[in-house]
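**Student:** My questions all concern the structure below.
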Amino acid sequence: MSGVSSNDCPHLECVGEITKEELIQKSHGQCQDCKVGGPNLWACLENGCSYVGCGESHADHSTVHSQETRHNLTVNLTTLRVWCYACTKEVFLERKLGPHKQLPNAAKAVSPVQTPCQDLNTPGSPTSLRVPSAGTCDDLDMETEEEDELRTRGLTGLKNIGNTCYMNAALQALSNCPPLTQFFLECGGLVKTDKKPALCKSYQKLITDLWHKNRNAYVVPTNLFQGIKAVNPMFRGYSQQDSQEFLRCLMDQLHEELKELIPEPEDPNQAVAMDDSPDEDNHSQSDDFQSCESCGSSDRADNEGPRVPEDINEAEMLMPEQNQNNRDWQKEKNLINNLYRAGSHGDLDKDVDTTSDSRPIISSQGAIKAQGRTSDSEIQVSSTVRPQSPTGNEGITSRLSSSPPKSSAWPNLSSTHKKVPMFTPTKTKRQRKYHSIISEVFDGTIVSSVQCLTCDRVSVTLENFQDISLPIPGKEDLAKLHSSSHQTALVKAGSCGEAYAPQGWIAFVMEYIKSWFWGPVVTLQDCLAAFFARDELKGDNMYSCEKCKKLRNGVKFCKVQSLPEILCIHLKRFRHELMFSTKIGTHVSFPLEGLEMQPFLAKDSSALTTTYDLLSVICHHGTASSGHYIAYCRNELNQLWYEFDDQSVTEVSESCVQNAEAYVLFYKKSNDETQKERRKVTSLFNMMEPSLLQFYVSRQWLNKFKTFAEPGPISNHDFLCAHGGIPPNKAAYIDDLVLMIPQNVWDHLYSRYGGGPAVNHLYVCHTCQNEIEKLEKRRKNELDMFVRLNKAFQEEESPVVIYCISMQWFREWESFVKGKDIDPPGPIDNSKIAVNKNGHITLKPGADSGQISEETWNFLHNIHGGGPVVTVRPSVSHQESETSQSEEKIEVETRTV
């Protein structure tokens, strides 16, 4: 095709003859300089030039070629859009590529990607957005091509660099979790952080090396190991460590570095979030549980209200049957249902008085504001923070576990109930919620309920978990668990007898007799049933009821409210006493496919997929004091099992895996419907129907569509700001964040999953740019003024008064003015460093405080407010001043004499 449209680009006359077949053939080629393949290859359109080069996503050899040869026109072989380097704009050619290839022409109806006030500039310029690439069937097709067995990716070993088998086994197990690995391989634009030691970049490099096509025999994970040691000193040195503790430390740090703000829906009628600085309830259970901060990771993006369950939930099962016809109890049932459903909004810890007539109002912050006629209904809000990595072995791990709570009937599995008064002052600083690929893949929710058997008051706790630490039941415990399946009352009360429903009396008796001769046969289902079993709180473990104000007998159970995409199960094989440690060597049999979690779900759970297949398992050989870690992993490409023993990678049979002494297991949701959906979308891509609109979709969500059993609603918020534009800080690499798909594919995905918002036009948000400039100006002014005032304070020899300020608040303010934190710190809070003595507020001894001048205090207080004022006097007092004057007077008198 020669010539061309009525375009004002004078360089179109230089276009040579080119056919549709030639463009298609070039699109399957590679860059002539760096040999990288597509997509995003650019072909030179100069007459007689056949050059094909890579774009900005690689070395941008197409631009280099244009600069060296002065060939101005180039065409993107993926989108077939034409760019003129001389005119610095997109131009259009009149071409006839056939009816099935009209997708590129449809781009004519779509405005080029540009800012609202300017044309598209030269690719790569700071003020422009490079046109994102169009998606192909390869971008969404999960059908892996058949590879040569000797060249299968993902079979690279890890070198042991000094007792690091615990790390190598954990890394190989994580590496074979497709949702996480594909994120680091395909969503590189999101792997950015300014936090040290940038562990996410080291992990991304490691994953790239492990799954490279030209794989090496092994990789040395030095950079990642150095980063872990910088995060947690426990891993320094060359002593053997716990593999599960390493996993928690690694995933916590990855979450911190990759977390992004969850956009808050604008709701003018939202309830005011309550203060979340709770006092601890006086429970008889030990305070040894901390939940992870990933409550902020709730990624429900649909706009529908909470689903009303058809069946009653587990909390209702605890109530006396004779009261179910009572009108007050019916109101309370509705309240408890709402409290259960609040789990999708965050981690909550609530006490419900079963005689109150309260109605919960769920705020956008995940808190619940109760309105009722009774004053003894209290709501508990969990103060949930992601735990720091453990500093010891199993004994400490149980206290820092992100697993759900249990009572002391199973060791080291108790909950902490924290409460606040009904109405508390509102916090000025917004409590932001965050999510990351870690929280999206591994976070689930547990609902735990405790009922007082005297007043029927129910305490409901919703907490997020990242892994579940399961006890290994002994012989007597197994007998109780198996026999409970034949006691209907216990099943109704919330026990997990459903897990053993198919077992009859004869099978139970035979298995029980067999266990006396050959030892108990423990299954993973037994461990789960033991964890979720109902517990009676009595004797030394009575429940402290807030309504009765006494220790009462109670009943406690927990269920799963929402299931994670990948379920991480930790078997508690190690017991650490004061003087010695032991290891439980009991073999726990586990399924390779079809782990069913349905018996452990809450009745009103919205989980659609409850079946899991095994991905990988970490095993420990040896004793509690010494041993060796290996991992068995299923390769996603050929579905075969391999043993990863440091540098050695060996194919093994399924029976070998099932006989392993499992320590940590990774299970992934299994859903055949998702595979069918992917194939359907692939066929829609291949149809290449003409469309007038092109849609931009988040690469991160497309990765979830490819690897998750339940990808959830479409979410484009990872590349959009609250105003619907591109945040200025993401404009430079927008091509790494989005993919352009045709209208027919978007229509199908949107009708199937919902979500959004729909995006047909990309532009840099000027509103965000103005806000950033204002914020930077404020930061600079505050920082400069503080430096000047503090310098004057340092030069002052004897200040009359010195003001104290909480270092906790000061660090938050410092993070804000240095650009590390987005939001201002809120009002000054000196309550933790102040103590009231005889009506006077003074500095608390040993308080974490700093000293500033009166001028500095007034400056900060005028901007942020808060208090109280805490001052200290300098050591030179008025008394000492009077004494010095007396001495001078005596000296004068002496001289006179």
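Cβ coordinates come from backbone N, Cα and C, glycine included.
Positions annotated as Zn(2+) 1 binding site by Swiss-Prot, on the basis of sequence analysis: Cys9, His11, Cys84, Cys87. As annotated by Swiss-Prot, Zn(2+) 2 binding site applies to Cys31, Cys34, Cys54, His61, with the evidence given as sequence analysis. Taken from Swiss-Prot, the feature Zn(2+) 3 binding site applies to Cys44, Cys49, His65, His71, supported by sequence analysis. Residues or ranges marked as region 'Disordered' by Swiss-Prot: 261-308, 343-420, 875-897. Annotation comment: Swiss-Prot describes 398-411, 875-884 as compositional bias 'Low complexity'. Marked as active site, proton acceptor by Swiss-Prot on the basis of sequence analysis: His628. Per Swiss-Prot, the feature domain 'DUSP 2' maps to 773-876.
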**Student:** Do you know which of the recorded positions His61, His628 has the most other C-beta atoms within 10 angstroms of its C-beta?
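**Tutor:** Of the recorded positions His61, His628, the most buried by Cβ count within 10 Å is His61.
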**Student:** What are the other residues, in sequence order, whose C-beta lies within 8 angstroms of the center of the C-beta atoms of Cys31, Cys34, Cys54, His61 at the Zn(2+) 2 site?
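**Tutor:** Near the Zn(2+) 2 site, the remaining chain residues are Gln30, Gln32, Asp33, Lys35, Val36, Leu41, Gly53, His58, Ala59, Asp60, Ser62.
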**Student:** When you average the Cβ positions of Cys44, Cys49, His65, His71 for the Zn(2+) 3 site, which other residues in that chain have a Cβ within 8 Å of that mean position?
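**Tutor:** After dropping the recorded site residues, what remains is Leu45, Glu46, Tyr51, Ser66, Thr69, Thr74.
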**Student:** Under DSSP, is His71 (Zn(2+) 3 binding site) helix, strand or coil?
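**Tutor:** DSSP call for His71 (Zn(2+) 3 binding site): coil, neither helix nor strand.
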**Student:** Which of the listed binding-site residues (Cys9, Cys44, Cys49, Cys84) has the least company, meaning the fewest other Cβ atoms within 10 Å of its Cβ?
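**Tutor:** Least crowded of the binding-site residues Cys9, Cys44, Cys49, Cys84, by Cβ count within 10 Å, is Cys49.
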**Student:** Using a Cβ cut-off under 8 Å and a sequence separation of 6 or more, which residues in the same chain sit near Cys34 (Zn(2+) 2 binding site)?
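**Tutor:** Non-local contacts for Cys34 (Zn(2+) 2 binding site): Cys54, His58, Ala59, His61.
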**Student:** Based on Cβ atoms within 10 Å, give me the single least packed residue among the binding-site residues Cys31, Cys54, Cys87.
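**Tutor:** Candidates: the binding-site residues Cys31, Cys54, Cys87. Fewest Cβ atoms within 10 Å: Cys87.
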**Student:** Count the other Cβ atoms sitting within 10 Å of the Cβ of His65 (Zn(2+) 3 binding site), across every protein chain shown.
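**Tutor:** Cβ-Cβ neighbours of His65 (Zn(2+) 3 binding site) within 10 Å number 23.
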**Student:** Whole-number Å only: compute the distance from the Cα of Cys44 (Zn(2+) 3 binding site) to the Cα of Cys9 (Zn(2+) 1 binding site).
**Tutor:** 16
**Student:** Just name the winner among His11, His71 (the binding-site residues) by count of other CB atoms within 10 A of its CB.
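**Tutor:** Per the Cβ count, the most surrounded site is His71.
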**Student:** Could you check which of the recorded positions Cys49, His71, His628 is the closest Cα neighbour of Cys9 (Zn(2+) 1 binding site)?
**Tutor:** His71
